[in-house]
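Working notes for the structure below.
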Amino acid sequence: MSHNTFGHLFRVTTFGESHGVAIGCVVDGCPPQLALTVEEIQRDLDRRRPGQSRFTTQRQEADQVKILSGVMETASGQVTTGAPIALLIENTDQRSKDYSEIKDKFRPGHADFTYEAKYGLRDYRGGGRSSARETATRVAAGAIARKIVPGVTVRGALVQMGPHRIDREKWDWNEIARNPFFCPDKDKAAFFESYLDGIRKSGSSIGAVIEVVAEGVPAGLGAPIYAKLDGDLAAALMSINAVKGVEIGAGFGAAELSGEDNADEMRSSSSNMGNNGPVFLSNHAGGILGGISTGQPVVARFAVKPTSSILSPRKTVDRNGADTDIFTKGRHDPCVGIRAVPVGEAMVACVLADHFLRHRGQVGPR
């Protein structure tokens, strides 16, 4: 199985399966002498960790990360050496027996059939590499990526659950840490609690839309045509389990706008442009034009489908091609979009780190 690595200069390779001994990643291309502690990585992992509320899978994984290489102690603290940084997270709460009854059946909505079609076999124990368990390693890599681009802040929020959207006039980043949904709208978070409780108790699931905003991104990251910043962001976000759509800025909403409404007008800044660039009067472009960052906040949204593992019986076929029914046991998220928030942040941080290093390598410090 190839294609377990993403990035060009900042490269991340992930490994491990949902019910294997461990999962982990190797981060290559991290500059030397960056302050890095295991506590900083753990802080991001704890935001994604399962079992923290009744609205996520009850699989109890501590997700304690170990740094195996690429850092050393100095007089000023622990820093990166420039060597590959290997990170390991042990799996401690696998229950493979939950999947023994369906090992020969293809779960609708999962990658069971496609893995079997491609490789001739699949890991039925929690989905193996196709499990969202793999995304913990991306969050760990993202914690390192956050340190590379000076002055950049990457934050995510759940802005829609099922058909229910937040009120953007009530957006408050401080609210995200106060509810289990990463929701910036206090009133909508209260609604989501009762709404998802009903879905959870029925054994069903629901989808969500996540928005990631990167502020402080310098102008000039990305390149035309085949190395567009938004192209790489879209690919990175689409690589997350259960993601079925990505948009940048106004996204598909731009199709409803006129040219006058969509184009982000500009005015001269007090610094007479220079490296700070002009002042934009709107941000329908999501901080990217021609594949290159404008200096505005980079805004991306992605849609997460409902968890395919639900308690109601479903029609399917087995490995012999016979029609059958399937009943999925195990522990699953009623809305996998909740824990996708820190994963989306991590992927955006990794892409920005990669493009920052590529930009610096091509044009030098500016």
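Just so it is clear, glycine is given a Cβ too, placed from its N, Cα and C backbone atoms.
Swiss-Prot has this to say about the protein:
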| type | residues | note |
| --- | --- | --- |
| BINDING | ARG48, ARG54 | NADP(+) binding site |
| BINDING | ARG129, SER130, SER131, ASN241, ALA242, GLY290, LYS305, PRO306, THR307, SER308, SER309, ARG331 | FMN binding site |
Using DSSP reduced to three states, classify ALA242 (FMN binding site) as helix, strand or coil.
coil
For the binding-site residues ARG48, ARG129, LYS305, the one whose C-beta sees the most other C-beta atoms within 10 angstroms:
ARG48
Return the residues near SER131 (FMN binding site) by Cβ distance under 8 Å, restricted to its own chain and a separation of at least 6 in sequence.
GLU17, SER18, ASN241
Counting distance between Cα atoms, which of the binding-site residues ALA242, LYS305, SER309 is nearest ARG48 (NADP(+) binding site)?
ALA242
List every residue in the same chain as THR307 (FMN binding site), at least 6 positions away in sequence, whose Cβ is under 8 Å from its Cβ.
SER205, ALA242, HIS332, ASP333, PRO334, CYS335, VAL336
